[in-house]
Amino acid sequence: MQSRSTVIYIRFVLWFLLLWVLFEKSHTEEDIIITTKNGKVRGMHLPVLGGTVTAFLGIPYAQPPLGRLRFKKPQSLTKWPDIWNATKYANSCYQNTDQSFPGFLGSEMWNPNTDLSEDCLYLNVWIPTPKPKNATVMIWIYGGSFQTGTSSLHVYDGKFLARVERVIVVSMNYRVGALGFLALPGNPEAPGNVGLFDQQLALQWVQKNIAAFGGNPKSVTLFGESAGAASVSLHLLSPESHPLFTRAILQSGSSNAPWAVTSRYEARNRTLTLAKFIGCSRENDTEIIKCLRNKDPQEILRHEVFVVPYGTLLSVNFGPTVDGDFLTDMPDTLLQLGQFKKTQILVGVNKDEGTAFLVYGAPGFSKDNNSIITRKEFQEGLKIFFPGVSEFGKESILFHYMDWLDDQRAEKYREALDDVVGDYNIICPALEFTKKFSDMGNNAFFYYFEHRSSKLPWPEWMGVMHGYEIEFVFGLPLERRVNYTKAEEIFSRSIMKRWANFAKYGNPNGTQNNSTRWPVFKSNEQKYFTLNTESPKVNTKLRAQQCRFWTLFFPKVLEITGNIDEVEREWKAGFHRWNNYMMDWKNQFNDYTSKKESCAGL
């Protein structure tokens, strides 16, 4: 009797376990298979910090831009019949990779880590578990000077941000270099800015589909770094993008930076130059595009680096342009007119923005020594970063950036060139963008990132480099096996909290009052927030004197002295002619005097 009851009990337990397994399986399947407007996608569960995040990697959001679609705006997808397996990153878009320091982690970490292909328009989604309802969405746009980049880099992994802040993180690939930004403005076969239109189509995908993942399409924050931040600010300037997002975060980049946007004329000229180099010079634009579409992408990559004759270490060979569609005018003009999305922005820069560019060819600089440069090397560096600027213009930079009270320090020229490059290209444009935004009555918040990562592979003299706040924004120090310091883990958590607060509420302070308050940036006080492992501080007027030099004084110097070298050449030529006339007159006079004296003796 007892044995029979035991059998019944065992059967009951087995049935219960079977039902539980089936329930869990269906629950799990429900979590990792989601129906989008184009079809079903299967993701995967990732263990993260004692919990779980569901990741969907490599979801297509556009037709592959192959063949006749090369150089054209991205085309919407049709439906797929089966379940799309979104469990691994997709191809990276074609690009030239950084071969400057083979095997060196500091440069290799930014190179694409998946196969290169033109079939690259895919996006990734990370959602917290259990699946949320109406969660805030944060969309990441990578940088890389519009020439390189991919969403699959380890440093852009969205799982920690999704897990800790219970936000949905999205990132997308977009076309870069000539394949993304070659332009014959006005021609629909190659209108330019197709890399930006890729981003825009991904934003449309989020609006249509993110609710199925548990996201709120009315709470979407764009965030990006360097060219990614410039992209974010271009979406702020592009009316078609305005309904597709709510707020914006700009890390070390803005659309008014000198490298961010080229004129229609210059964009067209670069396309024609590439066509000439690659053997595609033709009588009309249609034939040029037809020829370029038949070229191997690797051949285009090889030649695109030669289209700027005076290339600097910050050259953007093919980037955004004024196409009359995505971008109707130069960013400075649109900012001046107040033609941008009225919303909240969070903007910031790193302490040593310039050093990352100096080691790629500035005279006397190297990652393998302290790069103590001379005055002559400083001046040669200015020639590289400011081609076409008159000698007087370059001397004005040297005069402004030299510390004349402490001009015996060995590091003075190295630090000065770091500041020149960082201020001109990153810091001052970002501050100017923020001022213009704030002046129109929008809430803006500005940060100054001061912490040098303990894991940074670059030498100590390079300081708090361009791009190295990203790992803290994405929570990489939370992964214990990587061996960041405890202070860095706490610091990273605080940054993720402030970024997520801003995304959720439009204010990095959120609803908490127990920490230092991050003030709103106003153009009269210009308060900004310092970010480091110590207690944050509120300071005012970051790089105010230097930025006045770049925004007010230097443009006047260029205007007055832009053709001074030509004037000098003309003056010298004129003086040489006059001198010849005078010498000829003197010779004639001497000859006359001599003859006169000869005649007097007769």
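Numbering starts at 1 and runs along the chain as displayed.
Note that Cβ sites are derived from N, Cα and C of the backbone, with glycine treated the same way.
According to Swiss-Prot, the feature active site, acyl-ester intermediate maps to Ser226. Ser226 (active site, acyl-ester intermediate) carries neither a helix nor a strand DSSP state and counts as coil. Residue density at Ser226 (active site, acyl-ester intermediate): 29 other Cβ atoms are found within 10 A of its Cβ, drawing on all protein chains shown.
The annotation active site, charge relay system is assigned in Swiss-Prot to Glu353 (among others). Taking a C-beta cut-off of under 8 angstroms and a sequence separation of 6 or more, Glu353 (active site, charge relay system) has the following same-chain neighbours: Ser252, Val421, Gly422, Asp423, Asn425, Ile426, Ile427, Met465, His466. The DSSP secondary structure for Glu353 (active site, charge relay system) is coil.
As annotated by Swiss-Prot, active site, charge relay system applies to His466 (among others), with the evidence given as similarity to another entry.
Gly144 (substrate binding site) falls outside any helix or strand according to DSSP and counts as coil. Taken from Swiss-Prot, the feature substrate binding site applies to Gly144, Ser145, supported by similarity to another entry.
Look at Swiss-Prot and you will find Asn85 (among others) tagged as N-linked glycosylation site. In the three-state DSSP classification, Asn85 (N-linked glycosylation site) falls within a strand. Within the same chain, residues at least 6 positions away in sequence whose Cβ sits under 8 Å from that of Asn85 (N-linked glycosylation site) are Arg42.
Its Cβ placed at the centre, Asn134 (N-linked glycosylation site) has 12 other Cβ atoms within 10 Å. Secondary structure from DSSP puts Asn134 (N-linked glycosylation site) in coil. The N-linked glycosylation site feature in Swiss-Prot is assigned to Asn134 (among others); the stated evidence is sequence analysis.
DSSP assigns Asn269 (N-linked glycosylation site) to a helical segment in the three-state reduction. When Cβ atoms from all protein chains are considered, those within 10 Å of Asn269 (N-linked glycosylation site) total 14, not counting its own. Taken from Swiss-Prot, the feature N-linked glycosylation site applies to Asn269 (among others), supported by sequence analysis.
The annotation N-linked glycosylation site is assigned in Swiss-Prot to Asn284 (among others) on the grounds of sequence analysis. In the three-state DSSP scheme, Asn284 (N-linked glycosylation site) falls into the coil class.
Annotation source Swiss-Prot lists N-linked glycosylation site at Asn369 (among others), citing sequence analysis. Every protein chain considered, the tally of other Cβ atoms within 10 Å of the Cβ of Asn369 (N-linked glycosylation site) stands at 10.
Annotated N-linked glycosylation site per Swiss-Prot: Asn483 (among others), in sequence order. The 10 Å shell around the Cβ of Asn483 (N-linked glycosylation site) contains 10 further Cβ atoms across the protein chains shown.
Summarising the annotation, Swiss-Prot assigns N-linked glycosylation site to Asn509 (among others). Asn509 (N-linked glycosylation site) falls outside any helix or strand according to DSSP and counts as coil.
On its own chain, Asn513 (N-linked glycosylation site) has no residue at least 6 apart in sequence with a Cβ closer than 8 Å to its own Cβ. The N-linked glycosylation site annotation in Swiss-Prot covers Asn513 (among others) and rests on sequence analysis.
The N-linked glycosylation site annotation in Swiss-Prot covers Asn514 (among others) and is backed by sequence analysis.
Taken from Swiss-Prot, the feature phosphoserine applies to Ser226, supported by similarity to another entry.
Under the heading signal peptide, Swiss-Prot lists 1-28, citing sequence analysis as support.
The CA atom of Asn284 (N-linked glycosylation site) is located 14 Å away from the CA atom of Asn269 (N-linked glycosylation site). Distance from the CA of Asn509 (N-linked glycosylation site) to the CA of Asn269 (N-linked glycosylation site) is 47 Å. Under the DSSP three-state reduction, Asn483 (N-linked glycosylation site) is assigned to coil, being neither helix nor strand. In this structure, the CA atom of Asn134 (N-linked glycosylation site) is 21 Å away from the CA atom of Asn509 (N-linked glycosylation site). For Asn483 (N-linked glycosylation site) paired with Ser226 (active site, acyl-ester intermediate), the C-alpha to C-alpha distance reads 27 Å.
DSSP assigns His466 (active site, charge relay system) to coil in the three-state reduction, outside any helix or strand. Using a 10 Å Cβ-Cβ cutoff, Asn284 (N-linked glycosylation site) registers 9 neighbours.
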